[in-house]
Amino acid sequence: MGKPLIYEMLEKPASSGVIALCSLIWFLIQKKGIGYADVGLSYEAAVEGGQHWRLITAAFSHVSVVHLVFNMSALWSLGAVEQLGPQAGLGVQYYLHYTLVLVVLSGLLVLGIYHVMIRRFKVDYFRRVTAVGYSCVVFGWMTILAAKQPSSKLNLFGVLSLPISFAPFESLIFTSIMVPQASFVGHLSGIIVGYSIAWGLIHGMNNYWAVTMLGWIVLVFVLSLKRTGSLEMRFIEIEPVTDPSLPSLGAVASRNGRTLQMDMLPGRAVADFV
């Protein structure tokens, strides 16, 4: 018989926190009727539209409960990174530091690959394809554990056990076949960043650099929200003016963004801007 859940949660505080956060965000997304296009990472929105905040919202958002459960189940198994501790070169602190790196760099790598495909190979499909979910980070930790602890097993849903040394590419192929809409580029980016961390190409993270990096993430997140006008998404509504001689102006939410609607005086045109 395994340990009680509460003990495992205490041994995996960071994993438990991320699972709770992603579950809460999923609940809010469902409650407010937000679609993946509103929070996901796409080249058109993040690069051309300046919505850099999507690097963060895309990672922690899940639109379907199946997507959420699958990613969080894999993440719970990968909490072994925390349990192994500093003596194995891992532990809670290591987990927190490099989770930041995985979230940011895997997202940037996705956009970099999209950029090459769009600009160099003229594949315009990648301009609008949208990635969403924590699987980039899951694949990154799967890869790090595979490189540092190749004898470990990855248990999914308590019934499926995979040798961790093969898990990253097995999972990449499996998800690509079974879930065609899954982001192959996103998963591959997580694997690439994961190997870069495991092999020491990306190293040196400590509390100072983690706090500094987190500060920059928050700053860029807030500034990009403000600059793109996304701070008001779905919450703004301007009441019409009372003077009948003036046009009424209202901003209403649509599924693809905000719509500015202007109702002019009788006999004049009605303009909609999306």
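Note that Cβ sites are derived from N, Cα and C of the backbone, with glycine treated the same way.
On a predicted model such as this, the values are computed, not experimentally measured, just so you know.
Within the model, the domain 'Peptidase S54 rhomboid' (50-202) shows a mean pLDDT value of 92, rounded to a whole number. Positions annotated as domain 'Peptidase S54 rhomboid' by TrEMBL: 50-202.
Here TrEMBL flags 55-76 (among others) as transmembrane segment.
The transmembrane segment annotation in TrEMBL covers 96-117 (among others).
Feature annotation from TrEMBL assigns transmembrane segment to 129-148 (among others). Within its own chain, the transmembrane segment (129-148) is flanked in space by residues 18, 22, 36-37, 39-43, 45, 58-63, 67, 71-72, 74-75, 78, 80-81, 88-90, 95, 98-99, 102-103, 106-107, 110, 114, 154, 164-168, 171-172, 175, 182-183, 185-191, 193-195, 197-199, which lie at least six positions past its ends and keep a Cβ under 8 Å from the stretch.
Residues annotated as transmembrane segment in TrEMBL: 154-177 (among others).
TrEMBL lists 184-202 (among others) with the feature transmembrane segment.
Among the features that TrEMBL reports, transmembrane segment is placed at 208-225 (among others).
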